[in-house]
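What TrEMBL annotates here:
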type: ACT_SITE; residues: K130; note: active site, charge relay system
type: ACT_SITE; residues: S205; note: active site, charge relay system
type: ACT_SITE; residues: S229; note: active site, acyl-ester intermediate
type: DOMAIN; residues: 76-527; note: domain 'Amidase'
Amino acid sequence: MLSALQTPRSLSRFPLLHSPKPFLFHSSSTCRFSSRPLPYYASLTDQSTPTSTSPPQSQIVNTRHALLSGRVTATELAESYLNRLRLTEPHLKSFLHVSDSVLREAQEVDRKIAGNEAVGPFAGVLVGVKDNLCTADMPSTGGSRILEGYRPPFDATAVKRVKDLGGIVIGKTNMDEFGMGSTTEDSAFQVTSNPWDVSRVPGGSSGGSAAAVSAKQCMVSLGSDTGGSVRQPASFCGVVGLKPTYGRVSRFGLMAYASSLDVVGCFGSSVADAGILLHAIAGQDRFDATTSKQDVPNFIPHFAPVSSLESKPLKGLRIGLIRETLEDGVDTGVVSAIRAAALHFEELGCSVNEVSLPSFSLGLPAYYILASSESSSNLSRYDGVRYGNQVFADELNSLYGDSRAEGFGSEVKMRILMGTYALSAGYYDAYYKRAQQVRTIIRNSFKEALNQNDILISPAAPSPAYKIGEKKNDPLAMYAGDIMTVNVNLAGLPALVLPCGFVEGGTAGLPIGLQMIGAAFNEGELLRVGHIFEQTLEDCRFVPPIIADNVPC
């Protein structure tokens, strides 16, 4: 646990690969863009030293190159991250559990490298895992008291694939209970803070995973996205968040919330890291019948050096800006940042047009009916007999009721009640069936829009991160914040969120995320375009003030 970690003498006891000067911050509503290619590393295996003005680099590739060249050992790297985690965790509370085997696993990597043994591409890479993904060697609670202390006998497929490639799971990250929330305030154990301003929420439900990557407590992390739970926290915390196509990544070992919407997603500090992590965990799995048989392409060629590109590297790309996402209810600073991003796409050679999705506003009520209905079914297994901690009672019905009453939090109980009501006799046609019909309309509207455009863009959230407690007692206001993301889950499409600017707030501004939506199984194009956009973003270093003076990009 955290208390077992030795207190370090300084935050930067071991510099991460390089030690440039602290990064510059800009609190304006937009960043400065450049259509001129910026200096970048010569290739994905030949990195140059980053500076305070260089774009984000791949931590995964940097780590491998540094380990194999002998510039750093896996043990030193792990100690550095654990030290930073120990110093920042009292302020952030990103993790529910920290692995006690991190240094042991890092030492094994060093032993293999010293003996000229082959190591996997994720050797030495420290990965955070959302607590609703099963891990055999540490607790997996889903952020709920009903599973407190539960240790699964197996790893989720996504976790296993990362470990098989040499990745080191540094710990389990905090989350809203069973993924039901948008702030991580609904965790049964603790409230996570935003690294940009610890008085604000990190988003949810994967707030712990996003905050951990933002604060450099781990290199990359896994989350889950049912209605925006990867993308909204990525926007709030200024990191890259990738929601794959439904079926691209196995859900085996993911605690089910809404099975037709749940997707395992990726967080990274660069588009390249998110794409490399997706490639590691994607692909068909015999334990999940919903996984696609489609081959997983190699995304590495999409992260080519920007210096080798033409001045208009995205010439001919058609981008549709969703009009309904910039209307009433969206902060003016968010609108300004997204419109500036659209102009930059034009500078890169894209044609940008506003597109209308009249069904867009229908997604939110349809989502909450469908997700709540599926959750009322999925969570019926937690009864104190089949799964979950048991409360003693004299008879069975009381055991069921008391175990669930004490084990579930208020938000989970409310959604179970809503879902059970929507599925009940006499109301099924009026609610659940109609929501499914709306889902078909939304899917068709996206298909039509993507026939006319290569990529659709929108904000990832209607506002920047708000204060802890601000919307805790106003669930409708909190639900409304999901308007930008839920439609993508209903349609089963991939989406990439990356930081594109700042608005005023905190001591260094608050990050704003740009959402890019693509056709099914077209994550490669999103990653290619996102990489170029990211690498041509000037004067915006998305490193939060809590670590700004100690950590390079």
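Backbone N, Cα and C atoms are what each Cβ position is placed from, and that goes for glycine too.
Each residue contributes its Cα atom, and for K130 (active site, charge relay system) and S229 (active site, acyl-ester intermediate) those atoms are 11 Å apart. Sequence-distant neighbours of S205 (active site, charge relay system) (same chain, 6+ residues apart, CB-CB distance under 8 A): G143, M175, D176, G179, M180, G181, S182, T184, D186, S224, T226, S229, P233. Of all Cβ atoms in the protein chains displayed, 36 besides its own lie within 10 Å of the Cβ of S229 (active site, acyl-ester intermediate).
Just so you know, the Cβ of K130 (active site, charge relay system) picks up 35 other Cβ atoms within 10 Å once every protein chain is counted.
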